[in-house]
Amino acid sequence: MNNYTSVKEFILLGLPHTEGLENMIFVLFLAFYLFALLGNLLIFVTILASSSLHTPMYFFLGNLSVFDIFFPSVNSPKMMVSLAGRSHTISYQGCASQVFFYHTLGGTECFLYTVMAYDRFVAICHPMRYTVIMNQWVCISLTVCTWLGGCVHGSILTFLIFKLPYCGPNEVDSFFCDIPVVLSLACADTSLAQMVSFTNIGVVALVCFLLILLSYMRIVLSILKIRSSEGRRRAFSTCSAHLTSILLFYGPVFLVYLRPASILWLDSVVQVLNSIVTPSLNPLIYSLRNKDVKMALRKVLFHVIHPSVL
């Protein structure tokens, strides 16, 4: 295969059907982006500063907050620069970086949600052995594995896409570089790359989803055995935020990457939700329904506003 690439940069065409709405969309996306950064940073600092939250569940939630700071930063700044009318071009290396970090962080999130489901399974189904099973070494090992697994996932996909030659055209029909829109620009047979990327994303997403489903089937069976309604309510409440985040994550994955045919406007809407909106909602999801987090947040905010009060 001739893998010579003459394209040095790509042109991002942006969001479809948004002509004349660029300023409004820019302000809206900037608000979501800043809320995602500040909200997740606040959750992360709260977990670090509050000894009552130094448990496995909040350790993984802290990792999710770090992820939700990084993930919207992959493509949101470039998208907002384009919306402001500054530059619609992205270098070849910049495009490859977007694909790598987008799918590395996407794979990491997939693995992290699976680990969080396992944590809830142990907490509810084996409460007496929870601290023994989910000890510090296990939590750190699982976290390192999620990030390494995401890195391997992203590396494989990026290598497959950018070992192909790109000799023009160079217009990316999206607001950022992703596998379907970049592959369509390759001037070579893309069937192998399409098959492997579809299989890779599909296998990772499906295996993680099935493990999460298995964990929650066991959790539901255990909760139904609890005699008191208050006990059942408390057990369900510890899982509701996690389940909400899982639905927000897996919906876009299945809609964009695991459909046989691509619909441009639908893909763009779903990817905006996945890239910017969901990371900004996670701090609300995990704080509004969690008394421990709300109490710790109040304490942190109180000390920020009144630093002289000990």
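Even glycines carry a Cβ here, placed using N, Cα and C.
Look at TrEMBL and you will find 25-49 (among others) tagged as transmembrane segment.
Residues or ranges marked as domain 'G-protein coupled receptors family 1 profile' by TrEMBL: 39-286.
What TrEMBL records for 55-74 (among others) is transmembrane segment.
The annotation transmembrane segment is assigned in TrEMBL to 137-162 (among others).
The transmembrane segment annotation in TrEMBL covers 201-224 (among others). Long-range neighbours of the transmembrane segment (201-224) within the same chain, counting only residues 6 or more positions beyond its ends whose Cβ lies under 8 Å from a Cβ of the stretch, are 103, 107, 110-111, 113-114, 117-118, 120-121, 124-125, 153, 157, 232, 235-236, 239, 243, 246, 250, 253-254, 257-258.
Taken from TrEMBL, the feature transmembrane segment covers 236-257 (among others).
TrEMBL lists 269-288 (among others) with the feature transmembrane segment. Away from its own ends, the transmembrane segment (269-288) comes close to residues 15, 29, 32-33, 35-36, 39-40, 42-43, 61, 64-65, 68-69, 71-72, 74-76, 174-176, 178, 241, 244-245, 248-249, 251-253, 255-256, 294, 297 of its chain (Cβ-Cβ under 8 Å, at least six residues beyond either end).
Long-range contacts of the transmembrane segment (137-162) within the same chain, counting only residues at least 6 positions beyond its ends with a Cβ under 8 Å from a Cβ of the stretch, are 56, 59-60, 63, 96, 99-112, 115, 118, 179, 182-183, 192-193, 196-197, 200-201, 204.
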